[in-house]
Amino acid sequence: MQYDEIMVRYGELSTKGRNQKNFIDRLGANVTKALHGFDQVKIHPQRDRMHIDLNGADSSQVMDRLKQVFGIQTFSPSLRVESDFEAVKQAAAKMIREQVKEPATFKISTRHADHGFPMGTFEMNRELGAYLLKEFPDLLTVDVHHPDIDLMVEIRKSGIYLTSEKIKGAGGLPVGTAGKGMMMLSGGIDSPVAAYLAMKRGVSLEMVHFYSPPYTSEQALAKSKELTSKLAKYCGSIKFIQVPFTEIQETVKEKIPEGYLMTVQRRLMLRLAAALAMKRHGLAIFNGESLGQVASQTMESMVAINDVTTWPVLRPVLSFDKTEIIKIAEEIDTYELSILPYEDCCTVFTPPSPKTKPNLKRARAYEARLDVEGLMQRALENIKVTEIHAGDEFLNQNQDVFAELL
Ligand code: ATP
Ligand code: MG
């Protein structure tokens, strides 16, 4: 069915009191970005709802894009008719004819926003209900408590709107309302899921990715960029910051005892992420750590690593089991990419048995053997920032290698 309007409900937003205006403005901007390319569409963000005037744009394509915008609780594609009961009857009958193929129960719920219209809510429910029952005697019966179809009628100044569907949106809060965070993105399964969950709570992210050529390949870098492009569909575009990590890894390997390689390496990663957060006005650092999953993700390790910064380090998947993380990765379509076998910089330098309970004082002492300032400065001088948009492709450029690995 070709609809005239999509009506958007905010859900959690309506409870945000004084911030409400910021939230709605941001959601309006994010929806505009998500609907880029649909030039005829007009967006009207209002206090209680947002109305998206389709002006002939394909409603199912528009709805596919809306499903990816955080801050939308539900939305309903609607038909618009003139403020006239005859027209309402015709449109309602058309909807039933097109959408109901087997006997079903229904009810009418009317919402009145234009007090100039002569029929009241109760009268509309009753008259329209009676009309539809007469029109479809073998198809429809009334059930006001648990109807199969809830035909919603909204009487507004600009006309009367009818809808029978309430589609679940992405939930969460509009990206950008929580401020900016730096996401430590590897090519693994966990960090893309953590990124998704952070964005869902309104954080706008910049990706920080450490790479170590020639120990890590071009494909490993391309894979992280492609993961970023998958995640960009929730916010339009994401800045991807690649940080050269080769010199640090080689130096750490040379100067630090094997049991503390990983701890010290991670301390440097976090130092760099924190430096970038400060420089680029990020409010927190996000990573994909899950408690107890591997050696570096014990609480003892967190003590020994987190020591390098007072900036908040937030871990959206901390309490998730691997299977729960994988489930989300599949839903957001990052899983298949994440399991491609390109080595990232951690796997290459991971010792066979890193300490699961590193000691903070020792970690500090070993790290002091390094020229931390110099190493960091050289890495930061050579970062490269790319703006990645939803749908950008990076791995296809290496199709041959890609095909071989599959
Ligand atoms: P993931 O699946 O996200 O790679 P993991 O379970 O493999 O996580 P680790 O390899 O120990 O765990 O990494 C823990 C976290 O450290 C990652 O989730 C990510 O946030 C960060 N991290 C690891 N390697 C990199 C990298 N090369 N660049 C940026 N961040 C990284
Ligand atoms: Mg990993």
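Cβ atoms here come from the backbone N, Cα and C positions, even for glycine.
TrEMBL does not curate its annotations; it predicts them automatically.
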Which one of GLY169, GLY171, GLY172, GLY288 goes with MET184, LEU185, HIS209, PHE210, ARG266, GLN297 at the ATP site, as TrEMBL has it? GLY288
DSSP-derived class (H/G/I helix, E/B strand, else coil) of LEU185 (ATP binding site): coil
Taking every protein chain in this structure into account, which of the binding-site residues MET184, LEU185 has the most other Cβ atoms within 10 Å of its Cβ? LEU185
